[in-house]
Every structure is written in C-alpha cells, then in structure tokens.
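Chemist: Dropping the structure in here first, questions after.
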Amino acid sequence: MTKYIFVTGGVVSSIGKGIVAASLGRLLKNRGLKVTIQKFDPYINIDPGTMSPYQHGEVYVTDDGAETDLDLGHYERFIDINLNKYSNVTTGKIYSEVLKKERRGEYLGATVQVIPHVTDALKEKIKRAATTTDSDVIITEVGGTVGDIESLPFLEALRQMKADVGSDNVMYIHTTLLPYLKAAGEMKTKPTQHSVKELRGLGIQPNMLVIRTEQPAGQSIKNKLAQFCDVAPEAVIESLDVDHIYQIPLNMQAQNMDQIVCDHLKLETPAADMTEWSAMVDKVMNLEKKVKIALVGKYVELPDAYLSVVEALKHSGYVNDVAIDLKWVNAAEVTEDNIKELVGDADGIIVPGGFGQRGSEGKIEAIRYARENDVPMLGVCLGMQLTCVEFARNVLNLHGANSAELDPKTPFPIIDIMRDQIDIEDMGGTLRLGLYPCKLKSGSRAAAAYNNQEVVQRRHRHRYEFNTKFREQFEAAGFVFSGVSPDNRLMEVVELPEKKFFVAAQYHPELQSRPNHAEELYTAFVTAAVENMK
C-alpha cells in the first residue's frame, strides 16, 4: 500500500516547505524506500511556463517536458530522482481538465462543483503520481499558506485522502515560522498555534510540526507547541537556519524525523545510511579555495531565476574542491566600454538562458570579451544562440546578424524559429520541451566533458534554433558544431576548440545536476575556470 505524506505551511510563505519535503524524501530513500514527490500550486496559471521570472523564479523542466515550479529542482537534486508531469499540479490545470470533461459530457449532466469534482481531480493527481512511478511513498507539498482562499480545494482533497486510504497510510506535516522578538527576548508560539487552529478547522490534524527558526527553540517551547497543537513532543522538529541547504537532511535525521514518520506510517525499514551525504556536506563546509564566475543575465535582481544554474555551478565546484564566488552581472547594463570592468576579474563567464531583446546585446558583449580574451565561457540556451550571433558579427563580419526572435528584420537570421513552431500561436506549453538526445562529435571538448559518450540525453526549453544555412560558413572559420540531434537537423552544442574553454549548449545541462553527481559540461567549465584562476 502506498503511503501519503502531505506537507503544508502556515504563518508566512517561502518558509522552506520544499526543502523540508525534499530532505524527508532523501531520508526515506536512504532507508530503501522508493519515493516520489509533487508540488500543488494554487495559482490559476496552467503552469509557470509563461510567468515572469520576477514573479516565479526559474521554470524547471522535467524529462517529459512539463514546465514546473522551481521546487521540483530541489526535489530532484535532494532525492536524486527524475520527476514527471504529475509532479506539479496547479489550480489552472485542474480547472482546465474539469471543464474539458464537462464539455465532453463525462459528468453525465451533473452540476460540476468544487466538491466532489475538483477535489476528486486533485486526488487523482496524487494517486497518479504514485502509480506512474510505482512508489512506496509519495510526498505532496501544498504551496502557499493555510488560510489562503486559493488553497481550500487542495486542503479539502488532502483531508479526504485520510478517509480514502486509511489513517495508517496518511501523515500530515505542518511547517510554520517560530519568530523571535528581540524586544521581548523570547520566541512566540502564537502564530503557530493559530495556524494549526486554522488547519484543524479545515478538518486536518497535523501529525508533525516543523518549526522554522533562527535559533534553537528548546524543549520547553516544543512541549508548549505539542500541548496546544496536539502533537507528540518528539514530533515537533526544528528547522534551523543553516549555511548550506544540504545540511538540512542531516539535521532532520538527528531529530529522528524519518523514524517518527516511518513509525506513524507503519513502515519497517533499516535506518537511513547518510554516510555519503554527510561526507559531501563536510566537504562543502570546508572548501577553502574560491573560483570567481561572472553570471551575465537578464534577471540577476532575482537569483531564483537562475537557481538550477547556481546549484549546478556549486556542484561542479565540489568536484574541483572550490567554492563558487558568483559575480552577478546585469546584462542590460553591459556595454563595450564597461565589459572589462564588469567581468575582467572573473575566472570564467557563464551566459544562461532567457527570452526577449532586453539584455541580449550585453550578453553578446560578454561572449565577445570571453572569446577575444580567452576566458573560459559556458553558454546555455539563449547563451548558445547569442554565441553564434557574436561569432557571425565579429568573426564572419555579417553585420546586423541576429536571432529572428530578437530582430525579425535581421539580414542574417543566424537563429531562426524551428520549422514545427512556425504556425503555433499559443505561448504556453508549446516550446521544444523535455529530454532529447544529442550526438557528440568525437574528439571535441563536449565529448571529452561527457567521458567520450557518443550520445547524451539532456532537457530542452526553446523555440528557436541555429539556422543551418550558415553552417558551412561557420565551420570554414573554425566554429565547431560538436553536438547535433541524431538527424543532424538541430545544432545542440558549439565550441571553439583552440580556446581554453568556449562551449555553448542549446539544452539546459543544469537541470540534471545533482550535489553527489555534478553535470559534466558544467564540471568541465568550472575545471577550466579553476585552471584560469587569477
């Protein structure tokens, strides 16, 4: 029988529910259980694919092409699993499916209501996530906080699950803030008490509390929360602020969180062996050398827009025994006159993905600087496309060269829309999304990075591609297309082999990086940056 764990939040949003859920998932996996995890987002968008990064952070793409919440990146990195489209569910997606069923007559003339139709659809998503992965345990995180009007159907579905599958197969974990008032010199439990009261008013009694706090709460605070919130004292778990998020599973294990969960769900498993994870954390905590990487991006005011990029750089730093000293450079502010001032002290430059005209010329300047000064450079998605544009302008002398996305009237559309995208009008969910194979050129930097594999599978999110009409012209000038689709239609990886490291990929390698298995292209880039350290 599949076991279901539901993680809710109270008091404030962005409290770390996703990290708590991911940490628990890691502990349960290391107990020998097969774990999957999903995120419920109560917003009305179908998915975050068309949302501004300033609103939502990065869009995380799964193997099967779902555009999802950035928390799925935490889930995959912590638990080291590949999730699918059932791992992110929004209000918009549920209502869209319910309304389509109504139009098809599948409700046989019934009045379509939140209960049972919407809640049934939500429960079906929970169960489908478990069955499609054949998991022993599924962890479901509900976005937002208890009390949000948007969350009510989701919480009602969670309440019903207990009756549907039995109390021994369901566990509710509530994450709240435990604020410390300096003026009073004490921690305040009332916000948590009121949050639990609100949750109980919706029919859900939490079995465990996870309290986010800046300093240890002490047993007396835990006992007070246990008494007023009707949970066992040992089931009040502290989530202390830490220097590195990968410490959190170890902190949770030290408080017997996973054992309490297994006892409640009647799961008999050996203790989680976290030796390898602990060794990784010890290494992370004791890195002495730093390598400076300049990230030239459009959305640098909100680092969450590049969350997976940053994590992949960190993972590759672990492999190279260095910490990443990240220098955020706003591409919109980069010019030919100030580029040296902005990135001249960097050991490596990364130009990540993005959409739209703003900042594109600044990214091109950064790529030019890297090429002309032989600074290790990694381009990703739009970064790869602009690498081609920069080469066309400044090496091939194709003045006015650009991407047709950025300048539809360019005389040299080095990057053009994919053929199967031409007649598509909808923006959401219509990009080239998900896992695709890339055939690597023997002897190339890309092939060397991937241990001389002939083919790698990587995740994509783009609508435009390199225009192959220009391929011969590029190759004649020494530009190497070191990764292509198996049918040779799509240019996936480009490089200049005479440089220390000048490689760009159309796909998003960062989406498959893990703390205990860094993505290979990122690792090759960081290695080159370390060798270039000033």
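For all residues, glycine too, the Cβ spot is worked out from N, Cα and C.
Summarising the annotation, Swiss-Prot assigns active site, nucleophile to C381. The feature active site is assigned by Swiss-Prot to H508, E510. The UTP binding site feature in Swiss-Prot is assigned to S13, K188, T189, K190, P191, T192, Q193, K224; the stated evidence is sequence analysis. Annotation comment: Swiss-Prot describes S13, D148, I149, E150, K188, T189, K190, P191, T192, Q193, K224 as CTP binding site, evidence class sequence analysis. The ATP binding site annotation in Swiss-Prot covers S14, I15, G16, K17, G18, I19, D71. Annotation comment: Swiss-Prot describes Y54, G354, L382, G383, M384, Q385, E405, R463 as L-glutamine binding site, evidence class sequence analysis. According to Swiss-Prot, the feature Mg(2+) binding site maps to D71, E141. According to Swiss-Prot, the feature domain 'Glutamine amidotransferase type-1' maps to 292-534, an assignment based on sequence analysis. Here Swiss-Prot flags 1-267 as region 'Amidoligase domain', drawing on sequence analysis.
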Chemist: Quiz question: given the binding-site residues G16, G383, which has the greatest number of C-beta atoms lying within 10 angstroms of its own C-beta?
Modeler: G383
Chemist: Report the residues of the chain - excluding S14, I15, G16, K17, G18, I19, D71 - with C-beta within 8 Å of the mean position of the site's C-beta atoms, for the recorded ATP site, in sequence order.
Modeler: G9, V20, A21, H74, E141, T175
Chemist: When you put P191 (UTP binding site) at the centre and draw a 10 Å sphere around its Cα, which of the binding-site residues G16, Y54, D71, G383, M384, E405 have their Cα inside it?
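Modeler: So far as Cα distances go, none of the binding-site residues lies within 10 Å of P191 (UTP binding site).
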Chemist: For the CTP site as recorded (S13, D148, I149, E150, K188, T189, K190, P191, T192, Q193, K224), determine the largest distance between any two Cα atoms, in Å, rounded to the nearest integer.
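Modeler: With S13, D148, I149, E150, K188, T189, K190, P191, T192, Q193, K224 as the binding residues for CTP, the largest Cα distance is 31 Å.
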Chemist: Given the binding-site residues I15, K17, D71, T192, K224, which one's Cα is the least distant from that of Q385 (L-glutamine binding site)?
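Modeler: Comparing Cα positions, the closest of these binding-site residues turns out to be D71.
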Chemist: Whole-number Å distance between the CA of E405 (L-glutamine binding site) and the CA of the residue listed as 'active site, nucleophile'?
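Modeler: Cα-Cα, rounded: 13 Å.
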Chemist: Sorry to bug you, but what's the C-alpha spacing from S14 (ATP binding site) to Y54 (L-glutamine binding site), rounded to the closest Å?
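Modeler: Y54 (L-glutamine binding site) and S14 (ATP binding site) have their Cα atoms 15 Å apart.
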Chemist: Under DSSP, is E510 (active site) helix, strand or coil?
Modeler: helix
